[in-house]
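J.: Once you've had a glance at the structure underneath, I'll fire off some questions.
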Amino acid sequence: MSTQTTYRLLISGGGTGGHIYPAIAIANAWMERHPDTEIQFVGALGKMEMQKVPEAGYSIIGLPVAGLQRSLTLANLSFPIKLFKSLRKAFQIVKEFKPHAVIGVGGYASGPVLYAAQKKGIPTLIQEQNSYAGLTNKILAKKAKKICVAYPDMEQFFPIQNLVYTGNPVRKDLLKLDGKREKALSHFRLDPDRKTVLVLGGSLGARTLNQGMVKDMDAFDRDGYQVLWQCGKFYFKDMLSIVENSGLAHIHLREFIREMDLAYAVSDVIISRAGALSVSELALVGKPVIFIPSPNVAEDHQTKNAMAFVNHHAALLLKDHEAVGKFKTTIDQVLGDPELEKNLGQNIKSLARPEAAEAIINEIEKLVA
């Protein structure tokens with residue numbers, strides 16, 4: 001295929017890092033092969049993609065779309081109006097931008113844009129990050145040319161003839177962690193003689209993980225661990241007060257960790273939610289992982305994400321309701337057993353798909369050829 005062709009790609013979706021970062025990884029990988037391409041993102045107004053996408057160097061248009069709340073709320077009354085406005089704007093964007101292909105990565109904005117593109121006869125590709133497909137993707141997949149998935153056995157959700165098992169695209173800096181430990185120790189001001197526990201509750205935070213840390217942080221410090229703890233923006237103020245008042249020198253609190261390659265490089269064991277992007281990144285990292293899936297997600301898909309690894313002896317799992325009581329004891333179990341620590345790291349790395357972005361680009365190229 002000639003790299004001289006000037007393409008126009010529309011990438012839609014977002015809402016969480018689990019949708020946004022794969023979308024940016026796809027855009028970056030495409031631009032490496034086709035640097036003259038015009039890429040336009042479409043997201044949801046007020047969501048984090050409106051900040052993260054421009055930071056990555058791409059243009060983004062916001063739709064007023066929002067999701068339906070599971071409980072009866074006043075916000076649901078405005079849902080039909082926001083959906084109508086978003087569909088109208090999506091059709092306008094597709095008409096004016098004239099994309100060669102449209103990629104949907106999930107999230108609120110993905111649906112209207114994919115729907116508009118399909119109605120206009122523009123080829124669409126869906127990138128499904130989770131092991132359990134969402135309702136919108138299941139509906140739109142019927143007319144999508146390709147569905148790129150991160151897990152095998154997804155034919156229960158999608159037409160098998162259009163399925164491609166690619167894995168989830170992740171940030172390039174995570175592919176090369178060797179040699180970064182010393183830099184990470186300096187960057188985070190960590191003690192090279194202590195085992196490092198990395199606690200990740202996602203960009204917004206996770207109440208259970210934070211509660212577990214508050215309960216056990218004295219014991220972590222006392223028993224020779226140090227903790228690099230991402231508590232999330234919703235909890236940072238309260239957690240900072242607790243940590244500062246504790247006077248513990250080896251509890252390192254962050255609202256959000258931007259230098260994830262360094263955090264992964266320096267960690268000995270990782271506690272994390274089981275969002276799609278986190279799971280894919282952690283497979284590449286190849287460190288022992290304890291998943292605590294969020295119970296507050298559709299169809300309990302985080303548990304399904306985690307179990308895809310647990311079933312291969314590639315991770316441990318704690319249920320959310322039991323996590324606070326077993327937080328430190330489970331870490332002790334891993335770091336106190338060198339054989340278990342080694343096997344968990346090796347097994348999870350064997351399930352990684354480092355070429356996911358390139359595999360997705362191959363499929364997009366087929367659509368625009």
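Using the three backbone atoms N, Cα and C, a Cβ is placed for every residue, glycine included.
Unlike curated records, TrEMBL annotations are generated automatically.
What TrEMBL lists as UDP-N-acetyl-alpha-D-glucosamine binding site is Thr16, Gly17, Gly18, Asn130, Arg171, Ser203, Ile257, Ala276, Leu277, Ser278, Val279, Ser280, Glu281, Gln302. Positions annotated as domain 'Glycosyltransferase family 28 N-terminal' by TrEMBL: 10-148. For 196-347, the entry in TrEMBL reads domain 'Glycosyl transferase family 28 C-terminal'.
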J.: What number of additional C-beta atoms lies within 10 angstroms of the C-beta atom of Leu277 (UDP-N-acetyl-alpha-D-glucosamine binding site)?
T.: 24
J.: Which residue counts does DSSP give the domain 'Glycosyltransferase family 28 N-terminal' (10-148) for helix, strand and coil?
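T.: Per DSSP, the residues of the domain 'Glycosyltransferase family 28 N-terminal' (10-148) fall into 67 helix, 27 strand, 45 coil.
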J.: Let me know the model's mean pLDDT on the domain 'Glycosyl transferase family 28 C-terminal' (196-347).
T.: 94
J.: Whose Cβ, among the binding-site residues Ile257, Val279, has more other Cβ atoms within 10 Å than any of the rest?
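T.: Highest number of other Cβ atoms within 10 Å: Val279.
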